[in-house]
Amino acid sequence: MAQVFLGMSGGVDSSAAAVLLQAQGYAVSGLHLSLLSGLPLPADRLPDDGSDARAVASLLGLPFYDMDLSPEFRATVIDYFIREYEAGRTPNPCVFCNRRIKFGAMWDAARKLGADYLATGHYAKIRQDPATGRHLLCRGADRSKDQSYFLCRLTQEQLSRTLFPLGDLEKPAVRALAEAHGLINAQKRDSQDICFVPDGDYVSFITRCVGHESPTGPFVDREGRVLGQHKGFIRYTKGQHKGLGLAIEPPLYVLRKDPADHAVYLGHNEDLFTSELIAGDWNWISIPALTAPMTVTVKTRYSQREAEAVAEPLSGGQVRLRFREPQRAVTPGQFVVLYDGDAVVGDGVILE
């Protein structure tokens, strides 16, 4: 009987996944990750999901392990998060965490305990291409909950030993399954925020981590005129309008940031649209590499509606995307994910 270690967050999704895996005949063990120990978070802001995960595991008769990967999380995800903001980019820590922690360090721990597979409650599918043998990452059946964007950095090796039991289900069916099995978290609210910034105040979090306020600097318009002083370099991201503190009409938006002098450049809404982007650091999933122009659909952030584009390979492993229609606020540091139908072709980090 194959041994499956299931990442259990304490939420309904991973708990329902445990029920499904048991029904499929797997020997299931629960793994809960503690990631936030030692971080400068107020005690009342720390999530307490481990108790729910343990209770569900007990109800279902699963062996249960609570693993503290806080040092690894701090050294990878948190340091990346801070470094990107200080460099004037906008990070996506969940994408980074999935590859390095949940499907990296957690798998390493599970393997030492005898795991054959790692499973999670993500809404996505994995299938193998019969023509190429490559493992494909595909959208989940519930398009409103699909998490393939956040899983875009997974490697072929990671996909080959991962199970997503919820891939064919929609959220109401998952909750109904949990209710039918008497799980205590069947109606538990979905988490919405970054786990280490539960109140959404990433500026205060970074300030506590680094021990000082973010540098101030000038607001500059497109003609190079200084419009005033901003309150801290990391407070602003491309496309932002609220919170600038400038009474100027028509409204101004953040266009870009320069870490050299901590300048924040402003312009009008129409200045935010672009017909192309360049991205690097690619992770290819459905293909070994992009060697010729390819028509794809694209997401430059999770909440975005997909846009049609042509992906063109450049030198140095970079890729240019030419959009069929201009896109707003394409932000350096974010991940751009390419799709061919329901399958993820690959992803890269937006450079410009």
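Each Cβ is built from the backbone N, Cα and C atoms, and glycine gets one as well.
For CYS97 (active site, nucleophile), the same-chain residues 6+ apart in sequence whose C-beta sits under 8 angstroms from its C-beta are PHE73, THR76, VAL77. DSSP assigns CYS97 (active site, nucleophile) to a helix. Positions annotated as active site, nucleophile by TrEMBL: CYS97.
In the three-state DSSP classification, CYS195 (active site, cysteine persulfide intermediate) falls within coil. Residues annotated as active site, cysteine persulfide intermediate in TrEMBL: CYS195.
Following the DSSP three-state reduction, the secondary structure of ASP13 (ATP binding site) is helix. Cβ neighbours of ASP13 (ATP binding site) (same chain, under 8 Å, six or more residues apart in sequence): GLY121, HIS122, TYR123, LEU166, VAL174. The ATP binding site feature in TrEMBL is assigned to GLY7, MET8, SER9, GLY10, GLY11, VAL12, ASP13, SER14, LEU33, GLY121.
Counting residue by residue with DSSP, the domain 'tRNA-specific 2-thiouridylase MnmA-like central' (205-267) contains 9 helix, 20 strand, 34 coil. Look at TrEMBL and you will find 205-267 tagged as domain 'tRNA-specific 2-thiouridylase MnmA-like central'.
Per TrEMBL, the feature domain 'tRNA-specific 2-thiouridylase MnmA-like C-terminal' maps to 275-350.
Counting every protein chain shown, the Cβ of HIS122 (site 'Interaction with tRNA') has 26 other Cβ atoms within 10 Å. According to TrEMBL, the site 'Interaction with tRNA' annotation covers HIS122 (among others).
Within the same chain, residues at least 6 positions away in sequence whose Cβ sits under 8 Å from that of GLN334 (site 'Interaction with tRNA') are THR90, PRO91, ASN92, THR300, ARG301, VAL349, ILE350. TrEMBL lists GLN334 (among others) with the feature site 'Interaction with tRNA'.
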Largest CA-to-CA spread of ATP binders GLY7, MET8, SER9, GLY10, GLY11, VAL12, ASP13, SER14, LEU33, GLY121, angstrom:
16
Looking only at GLY7, GLY11, which of these binding-site residues has the biggest number of Cβ atoms within 10 Å around its Cβ?
GLY7
